Amino acid sequence: MTRRFTRSAAVQRLAWLDGLRIFAAVMILLYHAQLLFTQYRYTPQPTGLIHNLQQLLPEANSLMTLSGWIHLLGIPTLFGFQFVDVFVLLSGFSLMLATRQRSFDWLTFWQKRLSRLLWPLWTVSLLSYPILWVIGAATQSYSPTLWNLFAASTFPLLFDYRGSLLMPISGPWWFIPLILSFTLCFPLLHRLMYRWGGRHLVAVSLVITLGYRALATYVFGGQPTYTMLDTVHGPLPFYVLLAKLSTFVIGMVAAQAYKHGRGVLFWPQRKALQVGVSLYAAGFICQFYQLGWLVCDLLVPLGLTLVCMVVFRRLTAAGWNRRLALGLGTYSYSFFLIHNFVVDRTLEFVVQGDEVGYAIAIPLMILSTLILAAIADAATPLFQRILTRLWQDIDYLLARKSVVGPSSWVPSIGDTVRYIDQQWAVQSVEILLDDGNYYLCKIANEQQTRWVSQEQLQLMAPAVLTR
């Protein structure tokens, strides 16, 4: 039976999603912190489950020391990389959930989505570089070059699939070109969803992903991004969109089912836990075998997301927890962008290998990254407005203007105007460059909002207004 639910009910259900986003970002922070603190002592190897467990578990006599307990308690964080694929799954889910119609304007979608991805990246790049440079100069340690800053600040002008120009600033930024690739491909996948149906799209994506991962492993000489092996091309083949296509598509299909009131999100908690644990266990074992590399990055995020969905739905059942999850979830992307700056400098200059200091630093690193993410998110709209206004001023000064007489009307808020053969409403009016004869108007219709000059608008008389 198909369920119908109100928008408010849907928002309450999705509080768990925001909670999962920020939790995934925190787990990635803990993963990188544990790797750096232990100096990459352990990463998953294709040597079998038993051998990997022997490498993971500390010796019994070491549990008498603080080092042994830190090692034991830190084991889950060594698999924090798995939440990268959870982000891929959630990205497909969120993009599909946001499209409320079968057809939509691809250009408008790309404009909005790329703005959400790129403006925070540009802001973090420009704000972080002076700080990183000062720290590097004061401590005579590494700081990114101006060339890398330029690459990040103008991304994707200098684009490559692995983010090689971004990684010298922050290693985890290899993930940004991958998400950008999915954003560019989403309109096509969205169209195929309705043309082929969800099941057929998943089946095709599985064939493509499994076939490509087989080539990446056995022909291209690659390895998953979380293994540290000396293969021919390292993790490069697994940076490509095709390696994670099916994960993204399954997220889309789950969202489409959710919009119609059916699918895994409506499973009973017991069933979701059982299936989630089974999928995760299978994927966890597969990552320790070369053949398992073909499916582990699909099974793990599916199982992990189902388990986390049950947990975070319970945690966000109360009103206060729901509001907290919705609030913190908005910072997850900036948290991801910033976390490696905090982790790397804290471990190098503050902790310096001290075990007690590391235990104390963990919550402080999480809190510091969250505060910096909130600052970056607050600065991004201001930064965006400054650059947009600067561009508008330059465009106004350099644009060729036809000689026109004095304006027959002064625009005001609430005016109904015609622009590109459509009816718009004036929402805001600004005088550009203190030129009293030139007005910049913010106009809106049911689909979009934009700034245009008064010269491009035609005031609609009351007699011609659309009823």
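Yeah, the Cβs are placed from backbone N, Cα and C, and that goes for glycine too.
TrEMBL labels come from automatic prediction, so no person has curated them.
The structure displayed is predicted, hence computed values, not measured ones.
Feature annotation from TrEMBL assigns domain 'Acyltransferase 3' to 15-375. The annotation transmembrane segment is assigned in TrEMBL to 20-37, 69-97, 117-138, 171-189, 201-221, 236-255, 291-312, 324-343, 358-379.
By the Cβ criterion (under 8 Å, sequence separation of 6 or more), the transmembrane segment (117-138) is in contact with the transmembrane segment (358-379), since 3+ such pairs are found. When each of 20-37, 201-221, 236-255, 291-312, 358-379 is checked for Cβ pairs under 8 Å to the transmembrane segment (171-189), 236-255 comes out on top. Away from its own ends, the transmembrane segment (324-343) comes close to residues 15-19, 21-22, 24-26, 28-29, 32-33, 36, 87, 116-117, 120-121, 124, 128, 132, 170-173, 175, 312, 315-316, 365, 368-370, 372-374, 376-377, 380 of its chain (Cβ-Cβ under 8 Å, at least six residues beyond either end). Residues 43, 74, 77-81, 83-84, 86-87, 90, 171-172, 305, 308-309, 312, 325, 328-329, 331-333, 335-336, 339-340, 342-344, 347, 351, 353, 358, 362, 365-366, 369 of the same chain lie 6 or more positions beyond the ends of the transmembrane segment (20-37) yet place their CB under 8 Å from a CB of it. Away from its own ends, the transmembrane segment (358-379) comes close to residues 26, 29-30, 33, 37, 70, 120, 123-124, 127, 328, 330-331, 334-335, 337-339, 341-343, 346-347, 350-351 of its chain (Cβ-Cβ under 8 Å, at least six residues beyond either end). When averaged over the domain 'Acyltransferase 3' (15-375), pLDDT in the model lands at 90. Residues 189, 192-193, 231-233, 237-238, 240, 242-250, 252-253, 290, 293-295, 297-298 of the same chain sit 6 or more residues outside the transmembrane segment (201-221) yet have a Cβ under 8 Å from a Cβ within it.
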